[in-house]
Amino acid sequence: MKMRQAFILVCMVVFGVVGTCHGGSLKEGFYNNTCPNAEAIIKNATEKRVASDPTLPARFLRMHFHDCFVRGCDASVLLNSTTNNTAEKDAIPNLTLAGFDVIDDIKAEVEKKCPNVVSCADVLALAARDAVSFKVSQTPLWKVLTGRRDSRMSRISEALANLPSPFSNFTTLVQNFANKGLNVQDLVVLSGGHTIGVGHCNAFSNRLYNFTGNGDQDTSLNATYATFLKTQCQSLSDNTTFVVMDPGSGLTFDNNYYVTLKQNKGLFQSDAALLTNKSSRDVVDKLLDSKEFFKEFAKSMEKMGAIGVLTGNAGEIRKKCYVVN
């Protein structure tokens, strides 16, 4: 069967100026000749770990998203800080990322069979897909083209500048996504990833206690839901407590996020923002259809997975995901 190829030419926009452009090809089965069992090894290792830790799908999905939005999908989020450089991993929005050790373990399993062949960027992209697909579908929920290479650089400042904020309004979110070549459709569809996982109180408690700076509550938040949230997050200073982002469906990957969103139970300000614009509201309504959601999520994930990728001879293939070679 002829392999499907995707040609990518992405210019990363950082701090409002055009940065580095990388052109290259991702394709299905990139490792067919160099490491034929790579994807099977990653899938088996991922599913084994998800079976014992059902929080991993949300963690890997968020990690993949945070990786792609900073420098592109290049595994820069996996790098540890060094004496001379503070990495993305230590940026405030990334301090609640988890599962790095599991990605390191999965990469180590691949290295045993095929040393210096499979990139950490591809391991993360595949593990995110396989983790989310586990227990939901007999087939992968979206296509992951491979051939990414790993960045040699990771900067805290770039994470702070590029990651969408849970406090953002619709206009800001649209610009964040447009900077990565993604549109309003992608914004609404990818926000559906909030159907699994948790949110920490300090990412939304302002909506409960001090929304406009006058000790008030966000009136766009469902009042009954707000009352419940206040029982979980009892002050603005709570930065350790967390709640599920999709009430009643926090471990199940489905389209329930949009059902709760329509009930004004979107946890973050950035969730509620999707209802403040007609075009995004229209997309929300379409995604109330489960088949439509899964179809569109697959399309948007493939687009996101191609942001700013390093291919060919760019970057490197890291031996260990947390440190450059």
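Each Cβ is built from the backbone N, Cα and C atoms, and glycine gets one as well.
Caution: TrEMBL annotation is automatic and unverified by curators.
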Between CYS35, CYS68, CYS73, work out which one TrEMBL annotates as bonded to CYS114 by a disulfide. CYS35
Please name the cysteine among CYS120, CYS233 that TrEMBL pairs with CYS201 through a disulfide bond. CYS233
Which residue among the binding-site residues ASP246, ASP254 has the fewest other Cβ atoms within 10 Å of its Cβ, if you could check? ASP254
Taking the centre of the Cβ atoms of THR195, ASP246, ASP254 as the Ca(2+) 2 site, the remaining residues of that chain with Cβ inside 8 Å are GLY192, HIS194, ILE196, SER249, GLY250, THR252, PHE253, ASN255, ASN256, TYR257
What whole-number Å value do you get for the CA-CA distance of CYS233 (disulfide bond) and ASP246 (Ca(2+) 2 binding site)? 16
Integer Cα-Cα distance in angstrom, ASP246 (Ca(2+) 2 binding site) to HIS194 (heme b binding site): 7
